[in-house]
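Novice: Below is a structure I'd like to ask you about.
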Amino acid sequence: MEVSPLQPVNENMQVNKIKKNEDAKKRLSVERIYQKKTQLEHILLRPDTYIGSVELVTQQMWVYDEDVGINYREVTFVPGLYKIFDEILVNAADNKQRDPKMSCIRVTIDPENNLISIWNNGKGIPVVEHKVEKMYVPALIFGQLLTSSNYDDDEKKVTGGRNGYGAKLCNIFSTKFTVETASREYKKMFKQTWMDNMGRAGEMELKPFNGEDYTCITFQPDLSKFKMQSLDKDIVALMVRRAYDIAGSTKDVKVFLNGNKLPVKGFRSYVDMYLKDKLDETGNSLKVIHEQVNHRWEVCLTMSEKGFQQISFVNSIATSKGGRHVDYVADQIVTKLVDVVKKKNKGGVAVKAHQVKNHMWIFVNALIENPTFDSQTKENMTLQPKSFGSTCQLSEKFIKAAIGCGIVESILNWVKFKAQVQLNKKCSAVKHNRIKGIPKLDDANDAGGRNSTECTLILTEGDSAKTLAVSGLGVVGRDKYGVFPLRGKILNVREASHKQIMENAEINNIIKIVGLQYKKNYEDEDSLKTLRYGKIMIMTDQDQDGSHIKGLLINFIHHNWPSLLRHRFLEEFITPIVKVSKNKQEMAFYSLPEFEEWKSSTPNHKKWKVKYYKGLGTSTSKEAKEYFADMKRHRIQFKYSGPEDDAAISLAFSKKQIDDRKEWLTNFMEDRRQRKLLGLPEDYLYGQTTTYLTYNDFINKELILFSNSDNERSIPSMVDGLKPGQRKVLFTCFKRNDKREVKVAQLAGSVAEMSSYHHGEMSLMMTIINLAQNFVGSNNLNLLQPIGQFGTRLHGGKDSASPRYIFTMLSSLARLLFPPKDDHTLKFLYDDNQRVEPEWYIPIIPMVLINGAEGIGTGWSCKIPNFDVREIVNNIRRLMDGEEPLPMLPSYKNFKGTIEELAPNQYVISGEVAILNSTTIEISELPVRTWTQTYKEQVLEPMLNGTEKTPPLITDYREYHTDTTVKFVVKMTEEKLAEAERVGLHKVFKLQTSLTCNSMVLFDHVGCLKKYDTVLDILRDFFELRLKYYGLRKEWLLGMLGAESAKLNNQARFILEKIDGKIIIENKPKKELIKVLIQRGYDSDPVKAWKEAQQKVPDEEENEESDNEKETEKSDSVTDSGPTFNYLLDMPLWYLTKEKKDELCRLRNEKEQELDTLKRKSPSDLWKEDLATFIEELEAVEAKEKQDEQVGLPGKGGKAKGKKTQMAEVLPSPRGQRVIPRITIEMKAEAEKKNKKKIKNENTEGSPQEDGVELEGLKQRLEKKQKREPGTKTKKQTTLAFKPIKKGKKRNPWSDSESDRSSDESNFDVPPRETEPRRAATKTKFTMDLDSDEDFSDFDEKTDDEDFVPSDASPPKTKTSPKLSNKELKPQKSVVSDLEADDVKGSVPLSSSPPATHFPDETEITNPVPKKNVTVKKTAAKSQSSTSTTGAKKRAAPKGTKRDPALNSGVSQKPDPAKTKNRRKRKPSTSDDSDSNFEKIVSKAVTSKKSKGESDDFHMDFDSAVAPRAKSVRAKKPIKYLEESDEDDLF
């Protein structure tokens, strides 16, 4: 059959029809796809957007079960159902915020009938018609979506409702929802029911009502929407817990559940429901810390063992996921706990904040204004803390309790566990034959194998000792012996941090090599088989540092594996310390006392050759083989003898036994001293028969020598203030007696050679550099001269040049301080049979007080500040005169700040700061040992740039300092400056540091450590010893002069008798001549006989004998021969001439006269002569220092202006108002507290009461001073006057006391030469130095005589002006206000004294000038007030002072000079002390010269600034003065 050609076409048509129908369907589906739903339909369709998931979820939740109570278990529930219940419950709780009278909530849960009811009293919902919506309010808010009373965000509410959904969502997801509310106000009761998911509203019922308001919501959840059949056990348990939540978080509300009142009395009792039956690690109940911070915040804290846990509520909503409110509270606690943990876990595993948080369980109940959440489920509160509407600052009591509640202990236990885990990773649990990664190990061939217990690991001190051991292994073989070199001393693991142990390569290598495992107990023999080595042999030098290394290794094993010590796991290899040989005989000694015993028992010991072995490196390879061949003699085993061994090791290395260690060392020093006195030999360990050693013996007989030598190296002697290294340097310099400078590096080599210095030369070079430094905060008296860059205050001396480039030589003062005449009375030490430095030198003043001391030894540390040279000299003179020494304050050369006493041995050191204007301050001095660069980097930079925690405080700063002076000009906003003033500028800018002197420990003259309670105790001890040694010096000189006098007398008589022919020597035998001389009464050489009596010659012979036997024998024979008359018979023939005869007679007479003069002098007279000579040279040195400072400054004369401009840049501004350092009551109380803790013998002289009195006195003094200033005639004040004249308004920043200086400074025009005359005047003043506090006041006021040192003390200082003492001048320079406060006393008297008297010689002031000064003073006093730290910058000084007595430094009023003493305040000190004080004052006036004398800076600023800008006629004269004083300063 053929196919019709139309058929395909028909088929196509059908296909097209089908396509058209499909397109039509597609068009319909667009409408179906894009649909619009009502709000109600949307909620039902997408419930998870509103109430959370409507699917069953299984998770861990806190629930309440009848039989268990609140517990944390796995529950299966529908979050949406839980949420709609919660919304109604929170609404009920919210009503408490609207009506505080609300008192009851009743919750009914009926699972059988699927019925939930929540009833609350308190103000109900208004039963009134809404005029806009035309329906009653209850129906509106429960039956209409998007209605709420919470939409006004301007109203701050602390309720849970927020978005207008809550109750409506419950209505929508219920099959039946009934609202019943009654309002007494509107006298109606409203009731209405909604059904079918709020789809159908029932009839509204309105009834008259006259009872108490209430609201009741009853609903039946639409379980089908939640895919549930009934309210199961889990969801009910969750709902019940929420009822308990409301009972705990809502105050004063009773909650009933199914008719029963819940037994919850408040948040605290609610928290207990969680912690019931919970125990901590020790089995005790958890401690709960509770605090009701305020009416909106309540916090509880306890320990958590399951990571961080929190139970928190915001406006009664349970925020199960926490939020910002929990973080806000937790972070406060964590911050404090982290600090505590870090302190208790020093060096352990680093602990971070989140790790601390993991041990906390926190409960927070908060009311927060308008809280925000990350979802409608309200589980996580997201509002920023700044918007909370309240703060929660936990009290110190809460924090303290939190620290003690067990959390810290829990964290520390966790830290230990973590540390142990980390340490165990470093150990290998498997024994290996080969070890990789330790290149310097020469492993024993059998190590780690079957015979590993027979292997010994030799640990050597350094690579050179390893070479020696390897040489010796050629004898014993390499199978059983391995060698590993240690790099110096290993860690004290008993006190090391976890990090140190983890990172310490030496310890990790030893563990790896030996195969040790932390926490493994090696009690039994089998456990030792797990080790790669069965023994460790320690091979170190036979010196004290070698002993220390042995001790540290013993400590390392004992601390981690004490059981190993019982197996004789440790042993040592000893080598000789001395070998003696004669012909082919050889003897070895292993301790010096044994060698000394041999010497004393061997008559001819001098004929033996002696070789000292300083370390293992001294031995040759041949000797190494000899040592190992005689292993029995050289191997000493450590034997465990019982608990006393454990106690001894712990004593030596435990941080907790510091006091026991002190007693241990004290007993040792006393025992050693007694043995010396009784002539007994020293104890020693290694005799010829020693084969083993107990740990107790090792610690108490060998290691103690290291501990003692550590103290000797670190703590100076009271006698000369030097440590052994410094003493060796001084000994070498005295011996070399260089007249020319020498390179530091070369001098270090010379010291090592001449004094047997056995340590690194680098430390020796640093010692030399430190002895020569003279910047502020270093030495008050440098014994060596710094010729080159020896460091400055910019970097605290760290900026010194390389020792190869700098030179030094003895200071001209050194031999005046350490007179050569005393050398014969000293006891010199011997090292390797070479005479080296003495046990101590005996200076004429206690150098330990002049230059201070600092050091940390074993059991003790020492810290003593510097004191003023002239004060000490004056006090020594007082002691010689039988008077009591005056109290002294620390003093640092050229320091211009103030030092005040807070309590006995407690001082506060203040820098200098002045206010230039409302936005600028000037810092012109930093506290002692606060270095300029460090201050800039650590204080000003963070203030300028801010940090993560603190915003910037200043806007800019400029630097104008030199290497000797400080000047920062700091800019800040007016508000910030005002706030800083209120807090205290010194405090804000960290310009105050404390100085505590409770550790004044020094070696006394017999070599025992002694703790001094006060500085005057040191002075008295030194005085008694020095006076005794002046007696010994006198005895020695009398003997020497007597012998020399007898020798000259014999020589003169011999020449005269020869001339007269009474003696004939020609052609006679020597023996006959000697007989004749003896018959005629001539003495055998008196000088030689006297020297031999002094045992000087034998000592020298003994030195030579050991080196050269023949010389020894020869010298012996000489000594043994009879009387010697060579001193007569060897005289040249020309002594018989008349000239020589007359000269000899003259010399004889002079020597006799010298002897008679010495006999008439007492030891005190000799001392006074030395002091006078020293002071004279000191003034010359200081004058030279001033001249050196002046070098390089702009020219004089016509160029003075330029010079002033330059100086003005580095000197303090004359316009500034000095800020008086504030000494607060808290500072004094803290100082007293420290004193009670640290000082056993308490000294109450500096009690706070006295300080307080002084503060009051200071205020009064300031007031008086300012009142008197206008008419005062004080020399210094006059200078101020010039300044004020210039400006008219302001006074020198250094008001009153400084003004005194200013007057001096005003003489800047005076050429430098004139400065010297002033100095002469100053000399007299220097006497007063002792009272640094009152220097100024004392000088000016004669009424305050008691305050300052008697004038007799001043004699040495010839340079000070009669009225101004050094210190007085210094204080002025540094701080006017300080001076004012302190010196106000003095300054008032100063003003009363005629200005001309002081200035005429120093400043060359004409009569009219003083008058001007007086007037200026008046204006100055008013205009240039010194600002107390708190006072306003621009107020008149008197007001500021009156207002803030606390800010004053505490100087007592003029009327109370004695009190001032007690309060004791150190004003700025100048390097030149009294001599230069006057000059410095002048120089301070000159700003440009500030660099010369730092102490002058402040004063100089005033004057200098004033002079250049003088505007008034008077000002011109002052300008001239300023220039002159400037030059003086330069001196």
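The first residue you see is number 1, and the count goes up from there.
Backbone N, Cα and C define each Cβ position, glycine as well.
Pulled from Swiss-Prot, these are the listed features:
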type     : residues   : note
BINDING  : E461, D541 : Mg(2+) 1 binding site
BINDING  : D541, D543 : Mg(2+) 2 binding site
COMPBIAS : 1099-1108  : compositional bias 'Acidic residues'
COMPBIAS : 1330-1349  : compositional bias 'Acidic residues'
CROSSLNK : K480       : SUMO2 cross-link
CROSSLNK : K529       : SUMO2 cross-link
CROSSLNK : K599       : SUMO2 cross-link
CROSSLNK : K622       : SUMO2 cross-link
CROSSLNK : K632       : SUMO2 cross-link
CROSSLNK : K655       : SUMO2 cross-link
CROSSLNK : K1276      : SUMO2 cross-link
CROSSLNK : K1283      : SUMO2 cross-link
CROSSLNK : K1367      : SUMO2 cross-link
CROSSLNK : K1385      : SUMO2 cross-link
CROSSLNK : K1442      : SUMO2 cross-link
CROSSLNK : K1454      : SUMO2 cross-link
MOD_RES  : S4         : phosphoserine
MOD_RES  : S1302      : phosphoserine
MOD_RES  : T1327      : phosphothreonine
MOD_RES  : S1332      : phosphoserine
MOD_RES  : S1351      : phosphoserine
MOD_RES  : S1354      : phosphoserine
MOD_RES  : S1387      : phosphoserine
MOD_RES  : S1391      : phosphoserine
MOD_RES  : S1392      : phosphoserine
MOD_RES  : S1469      : phosphoserine
MOD_RES  : T1470      : phosphothreonine
MOD_RES  : S1476      : phosphoserine
MOTIF    : 1018-1028  : motif 'Nuclear export signal'
SITE     : K489       : site 'Interaction with DNA'
SITE     : N492       : site 'Interaction with DNA'
SITE     : R661       : site 'Interaction with DNA'
SITE     : K662       : site 'Interaction with DNA'
SITE     : K723       : site 'Interaction with DNA'
SITE     : Y757       : site 'Interaction with DNA'
SITE     : S763       : site 'Interaction with DNA'
SITE     : R804       : site 'Transition state stabilizer'
SITE     : I856       : site 'Important for DNA bending'
SITE     : W931       : site 'Interaction with DNA'
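Give me the lay of the land around each of these features.
Specialist: DSSP assigns E461 (Mg(2+) 1 binding site) to a strand segment in the three-state reduction.
DSSP assigns D543 (Mg(2+) 2 binding site) to coil in the three-state reduction, placing it in neither a helix nor a strand. The Cβ of D543 (Mg(2+) 2 binding site) has K614, G615, H758 as same-chain neighbours under 8 Å, each 6 or more residues away in sequence.
Under the three-state DSSP scheme, K480 (SUMO2 cross-link) falls in the coil class. In sequence order, A444, D446, N451, E454, C455, T456 make up the list of same-chain residues 6 or more apart from K480 (SUMO2 cross-link) whose Cβ falls under 8 Å from its Cβ.
DSSP assigns K529 (SUMO2 cross-link) to coil in the three-state reduction, outside any helix or strand.
When Cβ atoms from all protein chains are considered, those within 10 Å of K599 (SUMO2 cross-link) total 16, not counting its own. DSSP gives K599 (SUMO2 cross-link) a helix state.
DSSP classifies K622 (SUMO2 cross-link) as helix under the three-state reduction. Same-chain residues at least 6 positions away in sequence with a Cβ under 8 Å from that of K622 (SUMO2 cross-link) are not found in this chain.
Same-chain residues at least 6 positions away in sequence with a Cβ under 8 Å from that of K632 (SUMO2 cross-link) are, in sequence order, T691.
Around K655 (SUMO2 cross-link), the same-chain residues at least 6 positions away in sequence with a Cβ under 8 Å from its Cβ are R494, E495. K655 (SUMO2 cross-link) carries a helical DSSP state (H, G or I).
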Novice: Check the Cα-Cα distances from K599 (SUMO2 cross-link) to the recorded positions E461, R661, R804 and tell me which is shortest.
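Specialist: Considering only the listed recorded positions, the nearest one is E461.
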Novice: Which one of the recorded positions (K489, K529, K662, K723, R804) has its C-beta surrounded by the most other C-beta atoms within 10 angstroms?
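Specialist: For the recorded positions K489, K529, K662, K723, R804, the Cβ with the most other Cβ atoms within 10 Å is K723.
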Novice: Quick one: what's DSSP say for K632 (SUMO2 cross-link), helix, strand or coil?
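Specialist: The residue in question, K632 (SUMO2 cross-link), is helix (DSSP, three-state).
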Novice: Taking helix as H, G and I and strand as E and B in DSSP, count the residues of the motif 'Nuclear export signal' (1018-1028) in helix, strand and coil.
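Specialist: Final tally across the stretch: 11 helix, 0 strand, 0 coil.
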Novice: If I take the Cα of E461 (Mg(2+) 1 binding site) as reference, which of the recorded positions K489, K529, W931 has the closest Cα?
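Specialist: When the Cα distances are compared, K489 comes out closest.
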Novice: Secondary structure at K489 (site 'Interaction with DNA') (DSSP, helix/strand/coil)?
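Specialist: It is coil.
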Novice: At 10 angstroms around each C-beta, which of the recorded sites N492, S763 has the fewest other C-beta atoms nearby?
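Specialist: Lowest Cβ count within 10 Å among the recorded sites (N492, S763) is S763.
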Novice: According to DSSP, collapsed to three classes, what secondary structure does W931 (site 'Interaction with DNA') have?
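Specialist: Once the DSSP labels are grouped into three classes, W931 (site 'Interaction with DNA') ends up as coil.
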Novice: Fewest other CB within 10 angstroms, which one of the recorded positions E461, D541, R661, Y757, W931?
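Specialist: Each of the recorded positions E461, D541, R661, Y757, W931 was scored; lowest Cβ tally within 10 Å is R661.
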Novice: What are the sequence-distant neighbours of I856 (site 'Important for DNA bending'), meaning same chain, six or more residues apart, C-beta distance under 8 angstroms?
Specialist: S714, C862
Novice: Would you identify the secondary structure of K723 (site 'Interaction with DNA') according to DSSP, in three states?
Specialist: coil
